[in-house]
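A short worksheet on the structure shown next.
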């Protein structure tokens, strides 16, 4: 193949390769990760209802949860860098150095990797990390070795937790000064002295005079729960340790053992499930103790040796799930500061018998739930004048009168759920003017009159529930913000005029039948933002909803519908201009017309951002179902069987939402869905979850559980459409680019093409030096010929070491006799590695010198990196007289100019400089 044709072929091949790489890059990038889920809790907080993943923390939104992790680096490589919550589950014995350095925004890290070793630089770069958890959920503890300085770089760490790990082989671990919560649950602690070995900065020296260590962390909470070998605390084991909270749930350690431990300033102590049988009196030594949790123990009597332990600073006391049957007289007198008392799940029934002396001016919260109470006697709570919350759920109370609640004028929350209440007596809330929250779920009420809810002036949250039917009569409280109504059979609103719920923001209805009487009356919800409907299909019919919601819901943002039966649903969304989240569950769309129904349902809510579809029996999906959802950011399919993905859904890929989840979805085995795999793994802007483990079935009786991707790889042609698209795209792009390169108006494109051509020329492996006959072409005029031949040429052509040994091309010497000078000049300059122009006033006046300078300038611009131009000034000249001087000034470097005028440079120095520049030009050309 001729040389010119070979160069053109290489150039075209270069274009094809570059375009192929660009195309593969554009279509191949994705952040879909096997066994990982990426979620934005700010976008859809209810996602965990459909897909379980690790818990987050308040204020954190972008979450990544990965399971079956074996290669940590490979898994983390595709997790978004701005992840705030990262949960990892799998098998990674050793955490390498800088394992999480990419995640500068990470604030919560939960590791369930069965890790046995952590290096000193594992967590380097996590300056924002606040929560760090090491979890091992197994009956036996796992040994974990921690380098002493492994947490040194975590300057913002506030919570550190170890669950199911033994730190036996670790010691002298540095804890950041920002640490506030330390947890060692279900570990191998046998005594408190182990803490001093593990974390010496926590404890002061055991000398009699405590010296606070500068920079030591100040713990608010120390959780040592379920350390089954921790049975006693030795003398001064915790000497000098200052804590707000100490949690010892599930340990055999008795509270009495803490007396001589040296623990200072304890505010909260939890001894849940420790097996104690009486309220410890020895803790009164902690005069600042404010909270004590003694739940799930064996306490039958609060009395101890006939006296009640006195906790003068105690504000919270929990005795839930014990065996209490009575409360001693003057019980609250010994707790003058008590504000919250939890006595739930005891045996204080059937009648609440409170001692006559039981009163408190500070008690604000009282929980008497699940105590088998049948009645609250008149005035039983009248002495609790400051009570704000009263919890009586799960008892057997059948009725309450205003005398039962007399004296509770500060009460704000009243919970009477899951009782046997059948009738509400008139005025029973008359003594509760401050009530804002009332819970009557799970009762046996048959009707509720609005007049029965009178008394509270600012009732905002109301929950009503009945097993059979529930009739609701006006007037309802005008200040309601949240209303939840449940009835097993029917909810019936009996109204006489279109009285609106002016301020209601959250409405939940759960029933089989929803009725509104009289039929021609409507209810208005102008402020409704969240609507939840649960029940049988006919409650969701268009006719029912239009009667109940006849006008627009202008502020509705979240609509949740969950059906309880398998009948078809006739549903139509209307008048919801601000709907952002739509959740549909168990609405049986018949597969024959499923696409049409879903399309009709969604076309009225084009502003939708989150769409969750569960148990809908969709059977078939096509692009027409979602083409109206331009703002969709999250799409979830849950529990669908034999789902067919129409191939025209590929048209929807450019506007596919940012998150697409498939949870427990079974597809049909058909090649029409072959595009799913390439889309799921190469989706440029979409995270896809659940497809890699989805199965497909050939028919209704197929139980083979064939993986969808395995079926597509085995039975369907792979990638034919993609490569066809890629080929046509490249050809079309070539037809566009090639004319532009030759267009004179697009000179920058021509220069870019030249640069690519040069790089490819070198990549093709050409030995450029072998293609040149001369090292330097010298351009000069006749007046300067004598100086060139006598002074310049001998220095450059002389053999080393005296000279450089360059091959020079001189027009007067090397042009063939009888050859055309123009052709010889063009050919010679093209075969020379560099061009040296000797410039004087006579040279600038010479047509041939000007022509040679122009030709050399052209080669310099058209072939950058492969040709060089050197200018030698023998006399002072105005450089503006040079042809295309401004272009030359951009392309030439400082070392490309040589000035011998007026003896500015010594001859020897000039020769050395010229030799070095010519030698460097030769190396660059090679």
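Just so you know, glycine gets a Cβ as well, placed from its N, Cα and C.
Annotation source Swiss-Prot lists signal peptide at 1-30, citing sequence analysis. The topological domain 'Extracellular' feature in Swiss-Prot is assigned to 31-721; the stated evidence is sequence analysis. The feature N-linked glycosylation site is assigned by Swiss-Prot to 46, 73, 342, 396, 402, 506, 520, 620, 699. Residues annotated as repeat 'LRR 2' in Swiss-Prot: 264-286. The annotation repeat 'LRR 8' is assigned in Swiss-Prot to 410-433. Annotation comment: Swiss-Prot describes 458-479 as repeat 'LRR 10'. Annotated topological domain 'Cytoplasmic' per Swiss-Prot: 743-926, in sequence order, evidence recorded as sequence analysis. Positions annotated as domain 'TIR' by Swiss-Prot: 772-922.
Positions of the features from Swiss-Prot, shown on the structure.
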residue : record                      : DSSP class
46      : N-linked glycosylation site : helix
73      : N-linked glycosylation site : helix
342     : N-linked glycosylation site : strand
396     : N-linked glycosylation site : coil
402     : N-linked glycosylation site : coil
506     : N-linked glycosylation site : strand
520     : N-linked glycosylation site : coil
620     : N-linked glycosylation site : strand
699     : N-linked glycosylation site : coil
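Shown in sequence order, 581, 583, 612 are the residues of the chain, 6+ apart in sequence, with a C-beta less than 8 angstroms from the C-beta of residue 46 (N-linked glycosylation site). When Cβ-Cβ distances below 8 Å are used as the criterion, the repeat 'LRR 10' (458-479) is approached by residues 417, 434-451, 485-496, 499, 501-503, 511 of the same chain, each at least six residues removed from its ends. Each residue in the repeat 'LRR 8' (410-433) gets a DSSP state, and the totals come to 0 helix, 3 strand, 21 coil. Between the alpha carbons (Cα) of residue 620 (N-linked glycosylation site) and residue 699 (N-linked glycosylation site) lies a span of roughly 14 Å. When Cα-Cα distances from residue 73 (N-linked glycosylation site) are compared across the glycosylation sites 342, 402, 520, 699, the shortest belongs to 699. Among the glycosylation sites listed (342, 396, 402, 520), 520 has its Cα nearest to the Cα of residue 506 (N-linked glycosylation site). For the repeat 'LRR 2' (264-286), the number of residues in each DSSP class (helix H, G, I; strand E, B; coil) is 4 helix, 4 strand, 15 coil. Between the CA atoms of residue 520 (N-linked glycosylation site) and residue 396 (N-linked glycosylation site) there is a gap of 40 Å. Of all Cβ atoms in the protein chains displayed, 8 besides its own lie within 10 Å of the Cβ of residue 520 (N-linked glycosylation site). Counting only residues at least six positions away in the same chain, the Cβ atoms of 425, 427, 428, 429, 430, 431 sit under 8 Å from the Cβ of residue 402 (N-linked glycosylation site). For the repeat 'LRR 10' (458-479), the number of residues in each DSSP class (helix H, G, I; strand E, B; coil) is 0 helix, 11 strand, 11 coil.
Counting every protein chain shown, the Cβ of residue 73 (N-linked glycosylation site) has 9 other Cβ atoms within 10 Å. Between the CA atoms of residue 342 (N-linked glycosylation site) and residue 396 (N-linked glycosylation site) there is a gap of 18 Å, rounded to the nearest whole number.
Summary: among the glycosylation sites (342, 396, 506, 620, 699), the fewest other C-beta atoms within 10 A of the C-beta are counted at 699.
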